[in-house]
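Visitor: One structure is given below, represented as structure tokens, and several questions about it will come after.
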Amino acid sequence: MTPALDTALNAADGALRTLFAKPQASRTCPTVAGQRTELSTQEKALSGALMRVNHVGEVCAQALYAAQAVTTRDPALRRHFLAASREEGDHLAWTRERLDELGARPSLLNPLWYAGAFGLGLLAGRLGDRVSLGFVVETERQVEAHLASHLERLPEGDHDSRAIVAQMKDDEARHAQDAQNAGALPMPAPVKALMQASARLMTTTAHYL
């Protein structure tokens, strides 16, 4: 098997696992036993929509890190991307489990989100490792801000969702700092604006679909 074919097969396997297999977390879910509160129908619907958006974000994170791990030629940086991907995999598992508990479904457009994020990750990776790391920094900072807004919007009684989102927010901030420390280049203002616009489109659509 050629290296290129091996890489392609691994990428396809990762996509299928992310989109169709039940995710398994390597860390314990941060929810606290005994804090569960009965939510109203409206509160469950709101939490379900917000957690669906967060689940989409984790689908995209798997795609981004997979693409960047494929494109880098630096073994240490590849290990960095894969380690971050494993933590994002925990987020994927936690958000999916919480969706099930809330009686909500994942986004119907997850294959589209994955494909788009994988393409962006490939593009960033082709522009060089420092650009790729800069893309990680900006992505994670935007995700951190987005999660902070969800902590303000989630029902006060939804302790489980709030605990998950709070842990995710902390992890995303650390991922951004790790990428910055690894030598990330800052993204130009137009690129940041385009990323924000794309994120708004995704989150608005995923809220309903």
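Placement of Cβ uses the backbone N, Cα and C atoms for every residue, glycine included.
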Visitor: For the Fe cation 2 site, Swiss-Prot lists E88, E172, H175; sort out which one of E138, E140, E152, E156 goes with them.
Guide: E140
Visitor: Per Swiss-Prot, which one of E38, E43, E58 shares the Fe cation 1 site with E88, H91, E172?
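Guide: Record check against Swiss-Prot: Fe cation 1 site with E88, H91, E172, extra candidate from E38, E43, E58 is E58.
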Visitor: Relative to the Cα of E140 (Fe cation 2 binding site), which of the binding-site residues E58, E88, H91, E172 have a Cα no more than 10 Å away?
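Guide: The binding-site residues close to E140 (Fe cation 2 binding site) (Cα within 10 Å), listed in sequence order, are E172.
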Visitor: Within 10 angstroms of the C-beta of E88 (Fe cation 1 binding site), what count of other C-beta atoms is obtained when all protein chains are considered?
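Guide: There are 25 of them.
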Visitor: Compute the centroid of the Cβ atoms of E88, E140, E172, H175, then list the same-chain residues not in that set whose Cβ lies within 8 Å of it, in sequence order, for the Fe cation 2 site.
Guide: A61, A84, E87, V136, T139, V143, E144, D171, A173, R174, A176
